[in-house]
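Summarising the annotation, TrEMBL assigns domain 'CobB/CobQ-like glutamine amidotransferase' to A:7-198. Residues or ranges marked as active site, nucleophile by TrEMBL: A:Cys94. Residues or ranges marked as substrate binding site by TrEMBL: A:Arg127. TrEMBL lists A:His191 with the feature active site.
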Amino acid sequence: MSTESLRIVWVYPDLLSTYGDRGNMLILARRAQLRGMPVEVLEVRSDQRLPATADIYLIGGGEDGPQALGAQRLIADGGLHRAVAQGSVVFGVCAGYQLLGTSFFAKGTRYPGLELLDLSSDRGPTRAVGELAGDIDPRLGLPPLTGFENHGGRTHLGPGVSPLARVTAGVGNDEATEGAWRGKLLGTYSHGPALARNPAMADLLLRWATGVHQLPPLDDTWSDRLRAERRAAVAAAARA
Amino acid sequence: MPLRAKVASSVSRTAAALSRAAGRGDGSVIGGWLGLKIDPDLLAHLSAGRAIALVSGTNGKTTTTRLTAAAVGVLGRVATNSFGANMPTGHTSALAKAGSTPYAVLEVDEHYLAQVLEATEPHVVALLNLSRDQLDRAKEVAMMAQLWRAALVRHPDIRIIANADDPMVVWAASPPPNHDHRIAPPQVTWFSAGQRWHDDSWVCPECGSTIQRSGDQWWCSGCPLRRPQPQWAVEDDGVVDPTGAWHKVKLQLPGKVNIGNAATALAVAAEFGVRPVDAVLQLGTVTSVAGRYAQVERDGRNIRLLLAKNPASWLEAFDMADEAPTLLSINARDPDGLDTSWLFDVDFAPLRGRQVLITGDRAYDLAVRLDVNEVPFQHIRTFDEAVRAVPPGRLEVIANYTAFQDIRAELDRVN
């Protein structure tokens, strides 16, 4: 951790916040506070400088126009690149995941990405809308991914990243893999408040940010029930 | 009316009556569906000869339609789709059922506005707001504004009543820069109803620059788009008309948002020649709207129903609700949208200190949200259980669309 408290930055909520993206910030902050960590949360709008010294950066989803604008401003700002070079954690969701790559499509045009992850995105034949589930890379030690996806993009991973998960339901990157990670950077098509359904992933980000390998367990009764219910719903849909 | 349209109209009415008699629903969709099968132009035929107002937007359209119908009622009989059946089948049913009326006020699903403009050739269209709603299915906000704009520019003769506080609506109601200057642009009357929700209009739909805000004002930092001066505005518990006269609005419906809906209704009615002083009296006669705001007594509990479908309307519901035990019910069936992510766009903190009960198909999504929000709650399985779990007195029920309909069915389809 860079300072006395855990610093979480929500990047450009004015542009990249379409589907309850605020949830990821709220969940990380709450799970840190319940472990007694002091937390400082910053919402940085796109007309402000991005501080380079925070511990966790959250980048949410957005429509095509805001996504293109957000990428442009992040490249011009340079703060996120400096933060990554210093070992900060980045969690990108949907449009925020795509723009971490080398390029993405918005409004029919190819835009340069931040080149923080070795991946590129283009348009798929159909819009992927619905439940998304997958088995997460065993090296991350997480239970299965559950989420909801809503995107028109397909993402192609280069050798410099690992898939976050193997898809068991839904589309993700390309119906085979979903999301990507490298070092302390992680992206997913599980959109909006992805961490609400995946509290263990929230804890992974907290462990990366703090270097604490064992976090005290929390009462996850409600998210456990939610995960079980969603798993059952996906299984029922597969049988139908 | 052509013979085919007459037959279709009659079939439509009969089917609606049968549907109601069989207890299958309000009959507000099935009749229109059958009628349109027989005569695809039935809506246009039924619209001919009526002075029509359309009301569209993400939120408030059912209530605003009801208030507007009451206000226009000063002049004569008004046909209206008062059960919230807001697609062409619902409009067809409503007009067929009403028979011949000089006026019609129709609520229109925002996705169908272009189609219904073509079919009904209205005198006025009221544009309330555009915000995120069922994003897994609905068009994204900017795309919806684009569709509205393209439709409206094809009908320069229609009067537009539009919300000056919503940048997306203002943009949709303004002709595009490449508009043919030989054709007069549509006439717009602006109203200001206040707007709590800003999170879908930070980016200018015209040029992509940031929208700046200060107090009531907003303007684009990169192009001339800015808040127009409203001719109608909410002030305290009343509405200021274009002459500057203030009219006290006494409603039986709760919340500041409904004073805003009243301002819109008065502006639309004025386009038909109804004086605000006459219209305002009619607004006070509206008690509930398709179950919304309805109050039901059961086992000593006074149960009030509030519908909240998306983040913007949840903010309004918390403002309307009393400090009383509150039941929240969330589903994610097709009409609701399958995605519950929006729960994190709502701050439930106003509920702290109230007894909160949760239910519905997706109660666990809500449970996780409330947990993070530090709002204590109790999960219950049935509506009866909720009624028994609270002390006698007011029970506020806030639910999204199908959850609301489920509870309304428990209460004998209260209107």
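From the backbone N, Cα and C atoms, a Cβ is placed for every residue, glycine too.
You'll find the Cα of the residue listed as 'active site, nucleophile' roughly 6 Å from the Cα of A:His191 (active site). Using a cut-off of under 8 A between C-beta atoms, the recorded positions A:Cys94, A:Arg127, A:His191 that neighbour chain B are A:His191. Neighbour count (other Cβ atoms within 10 Å of the Cβ, all protein chains): 28 for A:Cys94 (active site, nucleophile).
All protein chains shown were included, and the count of other CB atoms within 10 Å of the CB of the residue listed as 'substrate binding site' stands at 14. Per-residue confidence over the domain 'CobB/CobQ-like glutamine amidotransferase' (A:7-198) averages out at a pLDDT of 96. A:Arg127 (substrate binding site) and A:His191 (active site) have their C-alpha atoms 14 Å apart, to the nearest angstrom. For A:His191 (active site), applying a Cβ distance below 8 Å and a minimum sequence separation of six or more within one chain yields A:Tyr19, A:Gly61, A:Val93, A:Cys94, A:Gly147, A:Phe148, A:Glu149, A:Asn150, A:His151. Secondary structure at A:Arg127 (substrate binding site), as computed by DSSP, is strand.
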